[in-house]
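Here is what Swiss-Prot records for this protein:
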- 3-166: domain 'EngA-type G 1' (DOMAIN)
- 9-16, 56-60, 118-121: GTP 1 binding site (BINDING)
- 166-199: region 'Disordered' (REGION)
- 204-377: domain 'EngA-type G 2' (DOMAIN)
- 210-217, 257-261, 322-325: GTP 2 binding site (BINDING)
- 378-462: domain 'KH-like' (DOMAIN)
- 459-499: region 'Disordered' (REGION)
- 478-499: compositional bias 'Basic residues' (COMPBIAS)
Amino acid sequence: MVPVIALVGRPNVGKSTLFNRLTKSRDAIVAEYAGLTRDRQYGEAKWQGRTYIVIDTGGISGDEEGIDAKMAEQSLQAIEEADAVLFMVDSRAGLTAADQMIGEHLRKRNKRCFLVANKVDSVDPDIARAEFSPLGLGDALPIAAAHGRGISHMLEQALGIFPKDNADENAEGEEGGELAEGEEVVAEGQEPKRIPGPSEKEGIKIAIIGRPNVGKSTLVNRMLGEERVIVYDQAGTTRDSIYIPFERDEEKYTLIDTAGVRRRGKIFEAVEKFSVVKTLQAIQDANVVIFVMDAREGVVEHDLNLLGFVLETGRALVIALNKWDGMEQGEKDYVKTELERRLFFVDYADIHFISAKHGTGVGHLYKSVQAAFKSAITRWPTSRLTQILEDAVREHQPPMVNSRRIKLRYAHLGGANPPLIVIHGNQVDAVPKSYTRYLENTYRRVLKLVGTPIRIEYKGGDNPYEGKKNTLTDRQVNKKRRLMSHHKKAEKKRRDKKR
């Protein structure tokens with residue numbers, strides 16, 4: 001399970017700055033899509049090959065009222081469910097009453113907590129450690145989030161408490177590397193062959209996610225139908241999501257449910273308690289995400305936040321618009337227009353209009369799940385990907401840079417789930433985003449991929465002679481001397497004739 005780290009602290013101690021620094025490598029992917037909100041409180045981050053989730057819990061000062069009090073309540077819930085907490089304090093401002101209140105709360109919860117003293121660029125780190133020692137949370141880890149100082153040491157301490165996972169099944173491979181289990185190889189003129197792997201043995205893992213009260217529990221119960229099995233908690237802490245294995249049409253699946261517990265033999269609908277931690281970890285652990293939205297409410301900001309995280313992780317995606325029944329035709333037309341306008345950045349995902357309560361359209365979700373999973377794990381040979389690249393360049397050439405044409409030479413697969421296509425060429429740093437989008441759409445169309453994002457990475461061509469010196473043999477040196485002597489004599493004769 002991917003660890004979740006919560007950033008905790010009163011307002012203006014630098015949580016957002018640290019969040020942006022930790023997640024910047026992944027934020028760049030989402031930032032390419034206009035219309036996708038940048039104001040997110042959670043993101044995926046990587047450090048030394050390890051993946052983890054960061055949650056910015058927002059500022060807690062202890063005197064919140066109204067909507068701020070509700071936000072503080074959600075922050076405390078995130079703290080409760082996180083694997084570890086980075087408690088941030090401001091070295092310049094010193095110890096405050098709000099710091100003491102938060103510190104007392106963390107001590108009572110017996111959380112894995114690391115005290116982080118930010119803004120030490122103008123304060124002696126030893127003084128900062130002494131200043132915050134009354135909190136009773138150990139020595140403070142000094143950092144300067146704005147400049148990146150102390151971040152590596154902080155992460156070494158925070159992530160060191162978690163066991164290192166085995167190789168990620170979604171890890172990106174190298175050209176010519178061994179085929180991962182469960183993936184397909186497709187060669188020209190051949191039918192794809194399946195290689196049984198762990199994903200097929202336990203079934204496609206499907207995460208049902210969405211805002212509270214959009215019908216996730218109803219959809220899970222409808223998908224399980226009468227073939228439900230005994231519900232059990234995955235080994236771990238009580239905050240873990242529920243993993244429900246089942247079969248349909250001789251295909252194995254595992255539903256990852258974050259909405260609530262059902263009782264065997266009857267449908268038990270409880271008020272859904274939305275958990276950010278459960279949702280984010282379910283996305284990370286899934287092969288395919290079914291994103292449930294309320295058709296009557298349309299697209300709201302929180303939907304975009306969650307979709308942004310799905311896009312970051314590269315998971316295959318199916319969108320389900322629930323509560324479609326009973327809507328007027330004019331309302332349906334408006335919702336479809338809004339989906340096309342606001343969700344264009346995930347236009348690769350199949351959209352289903354369903355009624356989880358009555359079962360309308362639910363059965364069609366499985367076909368999209370299967371297609372998305374297959375698209376996400378298929379592997380293609382270098383020759384095939386290069387041919388598609390050459391055809392795309394022939395049809396629409398990349399732009400000129402400094403009077404020179406960008407050259408894209410060949411492509412190969414760098415990883416699967418999601419497919420990563422590595423393109424080699426010259427001046428690749430100058431390839432515009434619009435042209436990358438053109439290549440993505442071309443690969444998607446030709447390879448007939450659905451439900452999965454495609455990532456393209458460029459690599460510049462290295463000069464094989466750079467840094468090398470041409471060393472002459474003795475024979476070559478003597479020959480060079482004779483030629484130079486001959487040229488000098490010929491030049492002298494030419495000058496003498498002119499006289």
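Including glycine, each Cβ sits where the backbone N, Cα and C put it.
In the structure shown, across all protein chains, Thr57 is the one of the binding-site residues Asn12, Thr57, Asn213 with the greatest number of other Cβ atoms within 10 Å. In the three-state DSSP scheme, Val120 (GTP 1 binding site) is classed as helix. The compositional bias 'Basic residues' (478-499): residue composition by secondary structure is 21 helix, 0 strand, 1 coil, according to DSSP. Across the structure, Val120 (GTP 1 binding site) and Asn213 (GTP 2 binding site) are spaced 44 Å apart at their Cα atoms. Gly210 (GTP 2 binding site) has a Cβ environment of 26 other Cβ atoms inside 10 Å.
In terms of DSSP helix, strand and coil, the domain 'KH-like' (378-462) has 32 helix, 28 strand, 25 coil. Cα distances from Trp324 (GTP 2 binding site) to the binding-site residues Gly9, Asn12, Lys15, Thr57 are smallest for Thr57. When pLDDT is averaged over the domain 'EngA-type G 2' (204-377), the result is 79.
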